[in-house]
Amino acid sequence: MNLTNKTSKLTNFKISPKPSSTISPSPPPPPPPDPATIANLILKGDNPESLTQALHSLPEWTPHLVQTILKRLWNHGPKALQFFNLLETHPSYRHSAASFDHAIDIAARLRDYKTTWTLVCKMRSSKLGPTPKTFAIITERYVSAGKADKALKIFLSMHEHGCQQDLNSFNAFLDVLCKSKRAEMAYKLFKIFRGRFKADVISYNIIANGFCLKKQTPRALEVMREMIERGLEPTLTTYNILLKGYFRAGQIKEGWEFFLQMKKRKIEIDVVSYTTVVHGFGVAGEVEKSRKVFDEMVGAGVLPSVATYNALIQVLCKKDCVENALVVFDEMLRRGYVPNATTYNVVIRGLCHAGKMDMAIEFMDKMKDDCEPTIQTFNVVIRYYCDDGEIEKALEVLEKMNGGTCLPNLDTYNILIGAMFVRKKSDDLLIAGKLLIEMVDRGFLPRKFTFNRVLNGLMLTGNQGFAQEILRLQSKCGSLPRQFRL
DNA sequence: GCGCCTACGC
């Protein structure tokens, strides 16, 4: 047995089998394994054999623990899949359907379709699926990779994988198309298949929302009329979709009139409607109207949600000043609301934008009492440090990420690499090269522009050798699976 | 299964 450093590290964290020197007759059970520790072990473990051994020797694997670790490794696709594969040979643990879905999502995001379908086959032979959820994930990834036709074929062949299509999966597929701005294609398919799947209000809502996302409110209205003609009653969701559509398309007046019409027709306006209007007015620069609607809703017997507060706080940050936003933030706390990650991210962005970096960092620490910082939190702070020329501080934040909760994503790398050119320092270019290698290693594909920029920089600063290395990496990337934004 | 809040189109 070859016990490496990595395995003894496990002992330090007390997640290996109990020590033999127990005094009490019934020793307390070992503490549950800490997901962060295990995730870091996987990230650092470059020796697959010792890693396998370490993971297999863990006392209790649960689907929940596996899920948590996969989530943590989300921005390191190759490592996440390695982890998933290593557990497949575990003597007793068996993957759950949810873990399979997660691994399939990661493989498809890496555009590693061979692995994706291998996992689907394994899922089937373990009698865990594939489920409609699995197909929603796969088709979404194909569509966002620009392969909508392939996604359609996959949807239509679901039954060959032992998964029957029904109205729910049809709606889910339409939604995938609409969310990636393919409302026209979704609408065509909808017309072809609505009889076969007995399209319902939700199908119509999805299509209407698809047109709204493309700022085509007249088309969305058409869809709504069509549903009425066919004897389906629009729901509050239908109206809220249209309402949002007007504001998103910049039709503020139309949006407000639509809202008044909803009131007039005695439609029970809910917190979503109000949040839409508060946000819509604010984004259009109508801060006073935004506030007025916010104040009105309580009188109308509709309580604001955290999302409503988030909308108002964001509006004040962007169109008024961060100080007034903080007043609302405090008011929210006084009324017993628990801010979520969006609340903090909005406030942190506002503080950064106002040049109050120290306060932003304070909020980032305070945030941990209520929720975990997200990738957006880190990216905002890194971006503003870079803009301020505080490259070292930005890199410190990156270090923190790699040692902790949230791994850097494509945006993080793009922001940082971009910042390595402002000081015209040779050392910065070396860091840019290192970051480029790291991001490729983690399954992100840099744009051609990024490669060329780093190459030029390295050549100009006399780092020909390193430039050669980057060049080799670039040619290797041509055949690598591609990954893009989340 | 759809709708509100971070982030949005170059």
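Placement of Cβ uses the backbone N, Cα and C atoms for every residue, glycine included.
For reference, TrEMBL has these:
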COMPBIAS  A:1-14  compositional bias 'Polar residues'
COMPBIAS  A:25-35  compositional bias 'Pro residues'
REGION    A:1-35  region 'Disordered'
REPEAT    A:131-165  repeat 'PPR'
REPEAT    A:200-234  repeat 'PPR'
REPEAT    A:235-269  repeat 'PPR'
REPEAT    A:270-304  repeat 'PPR'
REPEAT    A:305-339  repeat 'PPR'
REPEAT    A:340-370  repeat 'PPR'
REPEAT    A:374-408  repeat 'PPR'
Within the repeat 'PPR' (A:200-234), count helix residues (DSSP H, G, I), strand residues (E, B) and coil residues, in that order.
26 helix, 0 strand, 9 coil
Sort out the residues at least 6 away from either end of the repeat 'PPR' (A:200-234), same chain, that have Cβ-Cβ distances under 8 Å to it, and list them.
167, 170-171, 174-175, 177-179, 181-183, 186-187, 190, 194, 241-242, 244-246, 248-251, 254
Average pLDDT across the repeat 'PPR' (A:340-370), rounded to a whole number
95
Counting each residue once, how many in the repeat 'PPR' (A:270-304) are helix, strand and coil under DSSP?
26 helix, 0 strand, 9 coil
